[in-house]
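J.: First, the structure itself, so that you have it in front of you.
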Amino acid sequence: MPELPEVETTKEGIKSHLEGQTIKGVTVRNPKLRIPVPDNLDQLCAGKKIITVFRRAKYILIHLTKGYLVIHLGMSGHLRIVTAKSEPEKHDHILLMLTNGVILRFCDPRRFGLFLYIDENPYQHQLLAHLGPEPLSNEFNGHYLRQKARNKNKPIKSLIMDNEIVVGVGNIYATESLFLANIHPTTPAKILSESMCHVLATQIKEVLKQAILCGGTTLRDFYAFDGKPGYFSMSLKVYGRKNQPCLLCQHPIESLIIAGRNSFFCPKCQN
DNA sequence: CTCAGATCCTGTGCGC
DNA sequence: TGCGCACAGGATCTGA
């Protein structure tokens, strides 16, 4: 489900409900996630205060008076702010209860997500230590992308979805930004000129910014902290539009599997 | 090292 | 209406 805009929307939504509050306790209803939830999570969290809530890549980080919670939504996860009387449902695996009666609920049907506690600086943790730059930072630009692409033979779509190159660009936004940049998704990364890399980096930033403004993309199961969908799906230009006319030239949109992921493109506009 | 493919898991949506 | 199959927004591991 979530790419960077959805995670950003979630983080922004829960932030004000959590910061400054104290954790009463944690209920783990199902610890079986991509990495098992620590079985002493309740002891690790109870009584601690939440200092800040922030995001790095697709991870949501909760800085406690001591230690951090590291949350990843995987493919199908979402977080929701609810009140104590709200009954948890089947896939609500973790309930983080605050002393003021508010509960943060972690729901993840496919269980590809994560909910961990770490003591150390999260940026040094195994999961985050090797991540590339944030796509909306100045560090990520055409020159940087060209340097990373120049010796890579793999499709440009796979390159921009590689978290060590740039974080947060998943299948939808990789597909959309390549369309906006007029670059065919299977183009070997190394043949892209610096100016094409500049256009691509610019379009990645644009499409992510627009999606964040819309509250993310809801295709099927993404809902924000308050249960509302994201509206960027209205703005998708190629994703999911196989056989429909290209919005620029009317040629039917085609699809291809690239590195196991469905990819949509206009063969005329993206040559 | 580089890249493609399989894999973890459940729900949904489609075709028969 | 019911059933089975293909597919889904991610990330990591394996092996060619």
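Cβ from N, Cα, C; glycine included.
TrEMBL labels come from automatic prediction, so no person has curated them.
Below are the features listed in TrEMBL for this protein:
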ACT_SITE  A:Pro2  active site, schiff-base intermediate with DNA
ACT_SITE  A:Glu3  active site, proton donor
ACT_SITE  A:Lys58  active site, proton donor
ACT_SITE  A:Arg261  active site, proton donor
BINDING   A:His91, A:Arg110, A:Lys152  DNA binding site
DOMAIN    A:2-113  domain 'Formamidopyrimidine-DNA glycosylase catalytic'
DOMAIN    A:237-271  domain 'FPG-type'
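Could you place these features in context, so I can see how deep they sit and what lies close by?
T.: A:Pro2 (active site, schiff-base intermediate with DNA) falls outside any helix or strand according to DSSP and counts as coil. A C-beta separation below 8 Å, combined with a sequence spacing of at least six in one chain, links A:Pro2 (active site, schiff-base intermediate with DNA) to A:Thr10, A:Lys58, A:Leu73, A:Gly77, A:His78, A:Gly170, A:Gly216, A:Phe222.
If you draw a 10 Å sphere around the CB of A:Glu3 (active site, proton donor), it holds 22 other CB atoms from the protein chains shown.
According to DSSP, A:Lys58 (active site, proton donor) is assigned to coil rather than to any helix or strand.
DSSP gives A:Arg261 (active site, proton donor) a strand state.
Around the Cβ of A:Lys152 (DNA binding site), the same chain contributes A:Leu159, A:Pro188, A:Ala189, A:Lys190, each under 8 angstroms and 6 or more positions distant in sequence.
Here the domain 'FPG-type' (A:237-271) returns a mean pLDDT of 94 for the predicted model.
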J.: When you measure from the Cβ of A:Arg110 (DNA binding site), how many other Cβ atoms are you left with inside 10 Å?
T.: 14
J.: Using DSSP, what is the helix/strand/coil residue split across the domain 'FPG-type' (A:237-271)?
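T.: The counts are 0 helix, 12 strand, 23 coil.
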J.: Please report the number of other Cβ atoms within 10 Å of the Cβ of A:Lys58 (active site, proton donor).
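T.: 22, counting other Cβ atoms within 10 Å of A:Lys58 (active site, proton donor).
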J.: Round to a whole number and give the Cα-to-Cα distance in Å for the pair A:His91 (DNA binding site) and A:Glu3 (active site, proton donor).
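T.: Given the Cα positions, A:His91 (DNA binding site) is 20 Å from A:Glu3 (active site, proton donor).
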J.: Could you give the Cα-Cα distance between A:Arg261 (active site, proton donor) and A:Arg110 (DNA binding site), in whole Å?
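T.: It is 18 Å, counting Cα to Cα.
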